[in-house]
Amino acid sequence: MARGGGAAGVSMAHHLGIALVVLVFAAMAQVARGGGGGHDYGMALSKSILYFEAQRSGVLPGSQRIAWRANSGLADGKANGVDLVGGYYDAGDNVKFGLPMAFTVTMMAWSVIEYGEEMAAAGELGHAVEAIKWGTDYFAKAHPEPNVLYAEVGDGDSDHNCWQRPEDMTTSRQAYRLDPQNPGSDLAGETAAAMAAASLVFRSSNPGYADQLLQHSKQLFDFADKYRGRYDNSITVARNYYGSFSGYGDELLWASAWLYQASDDRRYLDYLANNADALGGTGWSINQFGWDVKYPGVQILAAKFLLQGKAGEHAGVLQGYRRKADFFACSCLGKDAADNVGRTPGGMLYHQRWNNIQFVTSASFLLAVYSDHLAGGAVRCSGGGGAVAGAAELLAFAKSQVDYILGSNPRGTSYMVGYGAVYPRQAHHRGSSIASIRASPSFVSCREGYASWYGRRGGNPNLLDGAVVGGPDEHDDFADERNNYEQTEAATYNNAPLMGILARLAAGHGARARGRLGQSLQHGIAANHTSLPHGANHQHASPVEIEQKATASWEKDGRTYHRYAVTVSNRSPAGGKTVEELHIGIGKLYGPVWGLEKAARYGYVLPSWTPSLPAGESAAFVYVHAAPPADVWVTGYKLV
């Protein structure tokens, strides 16, 4: 369990005010190497998403790309009379912990909400959406009744006693449940946040599924709010692994914020505002964001609502949230008067030895999001007689942290497995460190794994591609040893926020013009458009262009039907790259489609006789329905 993220080590000093003064932007302490193309953010993005396939539990799909994994946990929930097959293992072990899993899915969804266009341009949006759905499908199973949530499968104590592949595990698979007699407002609230955020991702491509997720979210929020309590008081076996040190106030606010964004229902904005003081949203100044402490995320979401003009009569309260968001940014930048995040000599944000990188990736994502929504504005800091930090400075600092992770550090080590020339070879991970069951099908027992595999010298036999490990200590030192779990264990919540900022950086480092996707999401429509309307301003437009027009209309049974012709073109210059694996999403469609084939999991693909689009070429399809034009967009592709 690469946890180490409890609030026990978090500075929670109440921040009473932020002075309004100006300080000229000082040069960064460390200039990252990636500004001129030193890092391949697109490759890192692809790997960061690929890692989640190594963490899958359940029946693996035909699209599985991590070939050394196989089916596992196929009886999960059976003893409890419920199907709990699926979901994700949290880190290097075989337990399904609900709190970090839900936070992981929330952050994956937020990454797509903010940077889905950029992921599509990199050809990774389809993989990102698939990773989200793997989690939400499991949560739907784990929430069989409005006031019941299965919070964990397996337990850390028995799991840590064994070193086994997930395909072989003989450890306890007991399922632990929350209900009115055994409440868990923190875990139910985080799961509500995950389902609400994910509903935005699927709103246009799969509206029925989005509705289901939103319904789960609303029920879970009501359950969390009505039956209050810490989940680790109800499920004590979780306490030593993912204890809820910060309590549940942050998750209740977090869930209400996501429900407001997903539904536009003012009740959730009212909750966010009316409970701002009582639940700590405008009281706590915190510079750490992760699976336990959600306050900075809530504060930046609330600031985003304010900046978008969605605060309504609660603008004053949301200003209080924004001041705390400013504190978080200033503390990361080292510009607060009293409470700045520490840094290593090499410039990495530093909180703790155990899995410190989780806080680096989450902070970098929050800073990038805040930067993009400031729209040329600035945050106001209280340090050094007063200072401001512009949006560009926030993004530049976030980029420096990502560059550090990818290898721009004193050791020249990439902390993403499989990226760069030097990266961890002995990740603390059961499945990666034991020969694949496909290559060596002989059963590996509980203790045999420790005797034969755990202590082996040399690299793991299976590449944990894309995994971001815990990272170096406060001196930038790192020991690539399997038993050094504080530094070499990766976790899903390390990667989830990194997906978003890698997509942002892959598209460019300058100011981001928010096109159709951003506008749609502000209205609760998660349409992953990469083909923007004519005249839309977007710095990093996709080479794939979509045009549609009505070609015929007729009356039948009192209704007017329209035939629409859609052309999909590769606008790359002559001799340029070919578009392959093109996936198309269609929303608000109420009739048949000709000229496309249904994709395996969602959306559409080009027909088998047109598998690719060379530069300058086009493909066409038509649809008929009695409605205005459908929403048509690109959800993913590869340029080769």
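Easy rule for this one: first residue shown is 1, then count along the chain.
Each Cβ is built from the backbone N, Cα and C atoms, and glycine gets one as well.
Taken straight from Swiss-Prot:
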ACT_SITE  ASP93  active site, nucleophile
ACT_SITE  HIS428  active site
ACT_SITE  ASP480  active site
ACT_SITE  GLU489  active site
CARBOHYD  ASN528  N-linked glycosylation site
SIGNAL    1-34  signal peptide
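Taking all protein chains in view, 27 other C-beta atoms sit within 10 angstroms of the C-beta of ASP93 (active site, nucleophile). Of all the active-site residues given, namely ASP480, GLU489, the one with the smallest number of surrounding CB atoms inside 10 A is ASP480. Distance noted between the C-alpha atoms of the residue listed as 'active site, nucleophile' and HIS428 (active site) is 9 Å. Every protein chain shown contributes to the tally, and the Cβ of HIS428 (active site) ends up with 26 other Cβ atoms within 10 Å.
Here the Cα atom of GLU489 (active site) is found 5 Å from that of HIS428 (active site).
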